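Trainee: Dropping the structure in here first, questions after.
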Amino acid sequence: MSKQTHSFQAEVAQLLHLVTHSLYSNPDIFLRELVSNASDACDKLRFEALNNSALYEDAPELDVRIAFDKDARTLTITDNGIGMSAQEAIDHLGTIAKSGTRDFMSRLTGDQKSDAQLIGQFGVGFYSGFIVADKIVVESRRAGLPASEGVRWTSGGSGDFEVEAIERAARGTSVILHLREDKTEYLNHWKLKSIVGKYSDHISLPIRMQEEEWDAEKGEHRLKDEWTTVNSANALWARPKKDITDEQYVEFYKNLSYDSEAPLSWSHHRVEGSTEYTQLLYLPAKAPQDLWNRDRKAGIKLYVRRVFIMDEAEALMPAYLRWVKGVVDSSDLPLNVSRELLQESRDVKAIREGNTRRVLGMLDELSKDAQKYAAFYAEFGAVLKEGLGEDFTNRDKLAKLLRFASSTQAEPGSLADYKSRMKEGQKAIYYITADSIAAARNSPQLEVFRQKGIEVLLMADRVDEWALSFLPEFDGTPLQSVAKGAVDLGDLQDEAEKQAAEAAAEGFKPVLEKLKEALKDRVKDVRATSRLVDSPACLVVEDGDYSMQLARLLKQAGQKAPEVKPILEVNAGHPLVKKLEGNERFDDLAHVLFDQALLAEGGLPEDPAAYVRRVNALLV
Ligand SMILES: Nc1ncnc2c1ncn2[C@@H]1O[C@H](COP(=O)(O)OP(=O)(O)OP(=O)(O)O)[C@@H](O)[C@H]1O
């Protein structure tokens, strides 16, 4: 075959024009693309050789070699993979077949700056070479063809390319980049090695380079003869599970997470079906410092066919699982997928759902070991609750994983445990939120529950009230805050008690009216209650209102919180309340009653000095 000149397909010409006329946010990506092509070519050879081992010729060990020549200003990426015939070189390097690049082209705006940015994110396969080179020569021989059927493809990246036959003994492909004037930085061992380390470390083939040594006579660096492997050549997740030891899993986790502690557990699966990917997910033992930062990116690295694409691929894990570490390696996504595309992709959605299911499954498994699970929960329990508001599909699974302190139990337990201890006739799961578990445990609102031996869950995490608002029921039983609305213990309160309470309330009405008048600026209502036993009064809010505690939290966080006016509930049987009737210091007593209820509930009197003055006046 003599030298032939071919024109690029129109789209390629358009793409090349862009590549050669733009500035790049990240020129390093060309090496990732070319190494990935080289690795794909080796995968293809391996596959074809399954039925025809002669294709390996006398070189069964596959690798990728990166070499540079400072004098010639060339950088060469060589593989001993499948190679290309002359026709394949014309077809594959002259047209665009892959969907990713077509998609990329369709997103071009014509505005040079934004298009250049797009290229940086995408990478455009083989043509990325023109980011750094003004001429590319590809020499190749397809496995199985004789040495005389080699091909040389040459292009300056404008409208056309040349193809000629060459003699090539070695099977596979060399891509020779003639570097642009301003791209001398890539003629540097260290620079190339660091790009490989960053983007191609987990390519499972060895990527080899020649080490440099100092030639004192000539006063310059000289390349050594032997080739050393510069990547770890070890995509752990791509290996069969049975070949990986626990130590190797742990070591990989430490590299991945920079965590010095071993993970609690891990899960490694190849997911098959309409979306195919490998997931290797780890549950860390300790929460990171910035766990609470919801802007913190997820701990998942995304690979496409073992080529590193991005860190912190937040689209692959919901925010409430942002602390899970791991790797997802997709077989379906295009290599040049961008963060923007990730958000839209159906495959990514399927992967996220698969990851979520897997993590919840791992947690379910972990929860069978109460001690281990308690240690996990102490670190991550609170952030897990965010999922109630975030992931409705998995709400029931998530609810089963939650643990709460309880007014009657020494150790935190699950909602299912609570249900198994519910009293005959009890219709709700009762809970209280407060600033601390101690404050919740000693809250006056709990008195009647304690008297009747009814368990109440105690909650003191910041997210509790918000999260619980998304969990109206568990396994058919409603959840009810004991600090909201009137307390109705239903069948747990006997008829005689109810009637006695109503009668007492009737006789007590004039006092209630006076209290309402005295405290009209501070309360929404004043009413008699049967929820108190030892305390004279307590504060509650209406169903649907923010609790006083949540309003305080929001205020502390500098957020706008609606003004919550509480309801003062008083215990008509308490000696202090009995003293109110006809008392000449009614007004002072009323305010003290209110401020004490506020204190008991974790708040502070609006005017502490006035409170102290009133108490002192009553004491003398
Ligand atoms: N080193 C190589 N050995 C053999 N064939 C190659 C090599 N590099 C490129 N090719 C051929 O050229 C084609 C185009 O390469 P390009 O990088 O533009 O896209 P791609 O590799 O198909 O897409 P993607 O990078 O998204 O997988 C490849 O599909 C392959 O057939």
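Here, residue 1 is simply the first one shown, and the rest follow in order.
Placement of Cβ uses the backbone N, Cα and C atoms for every residue, glycine included.
Feature annotation from TrEMBL assigns region 'A' to 1-339. Residues annotated as domain 'Histidine kinase/HSP90-like ATPase' in TrEMBL: 26-183. Positions annotated as ATP binding site by TrEMBL: Glu33, Asn37, Asp79, Met84, 98-100, 121-126, Thr173, Arg339. Residues or ranges marked as region 'C' in TrEMBL: 553-620.
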Trainee: Of these binding-site residues, Glu33, Asp79, which scores lowest on Cβ atoms within 10 Å?
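Mentor: Among the binding-site residues Glu33, Asp79, the lowest count of other Cβ atoms within 10 Å belongs to Glu33.
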Trainee: Given the model, what does the mean pLDDT over the region 'C' (553-620) come out as?
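Mentor: The average pLDDT of the model in the region 'C' (553-620) works out to 86.
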Trainee: Which has the fewest other Cβ atoms within 10 Å: Val124, Phe126, Arg339, the binding-site residues listed?
Mentor: Arg339
Trainee: Give the subset of the binding-site residues Asp79, Phe126, Arg339 lying near ligand 1, defined as CB under 6 A from any of its atoms.
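Mentor: Near ligand 1, sequence order: Asp79, Phe126.
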Trainee: What kind of secondary structure is Glu33 (ATP binding site) part of, going by DSSP in three states?
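Mentor: Helix, per DSSP.
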Trainee: Count up the helix, strand and coil residues in the region 'C' (553-620) according to DSSP, in that order.
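Mentor: Summed by class, the stretch gives 35 helix, 4 strand, 29 coil.
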Trainee: Need the DSSP three-state call for Val124 (ATP binding site) to compare against my parser.
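Mentor: Assignment for Val124 (ATP binding site) reads coil.
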